[in-house]
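Some features that Swiss-Prot has for this protein:
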- Gly21, Pro22, Ala23, Ala24, Ser25, Gly26, Lys27, Gly28, Thr29: ATP binding site (BINDING)
Amino acid sequence: MVDLKTKAFDFAKNFAIALDGPAASGKGTIGLILAKKFSLQYFQSSIVYRQLAFDCINQKIDVTDMDAVIALSKALKLDSHLDLEHESIGDMASQIAVISEVRNNLNKYLINLVKTTPRIIMEGRDIGTVVVPEADLKIFITANPQIRAERRYKQLQAKGKKCILDEILRQIILRDKRDKERKAAPLLPASDALIIDTSELSAMEVVEEVTNYIKNKIA
């Protein structure tokens, strides 16, 4: 873990947190709690990729038709009423995310959002390394694949959605491989990120660690 004791925070002014990590590592739960605790607007960057995946499926555009996918990414419009959590959408979003032109187009949307939002926590895969490298605080959340699959399985079951644990684990391992090996912004922590392995930690324990870290910086 990188020692960031030399970096001081002025939390009273504009503040941006970049929260990165692999699929189902607990970023969303942790991000929402931190956003509420520190009065930050929370935004999940994967929504733009899932929206694009949904649009491709809806318009019967195959992920291999790169020109069509890229064109669609230039005119993306978010629909907050859609349920974009289905695993098939997440899997296609992961395939779309390896297209560098798509990432460039969607990153423009994300960068503009950060610039126009004074206090924000943005969650994703490359927020601290690409989208907001100047973020006041960068956090990288990770956990082993089996635990992440079990967490996702419980989340989906709680929402009444049918799912198979082994299939979720298979997709998580596949997404990890895509995320880490893609040429455009591979998944990795920023050099100055606070790295937390949540395999044996609850969401509240992680929030407490981050909270103490922030308090030490603004003390």
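Cβ atoms here come from the backbone N, Cα and C positions, even for glycine.
Feature annotations (Swiss-Prot) mapped to structure.
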{"residue": "Gly21", "record": "ATP binding site", "contacts (Cβ under 8 Å, 6+ apart)": "Lys27, Arg125, Phe140, Ile141, Thr142"}
{"residue": "Ala23", "record": "ATP binding site", "contacts (Cβ under 8 Å, 6+ apart)": "Gly90, Ser94, Arg148, Arg152, Ile172, Arg175, Asp176, Asp179"}
{"residue": "Ser25", "record": "ATP binding site", "contacts (Cβ under 8 Å, 6+ apart)": "Ile141, Thr142, Ala143, Arg148, Thr198"}
{"residue": "Thr29", "record": "ATP binding site", "contacts (Cβ under 8 Å, 6+ apart)": "Ala203"}
Other residues with Cβ within 8 Å of the Cβ centroid of Gly21, Pro22, Ala23, Ala24, Ser25, Gly26, Lys27, Gly28, Thr29 at the ATP site? Ile30, Ile141, Ala143, Arg148, Arg151, Thr198
Lys27 (ATP binding site) CB neighbourhood, other CB atoms within 10 A: 27
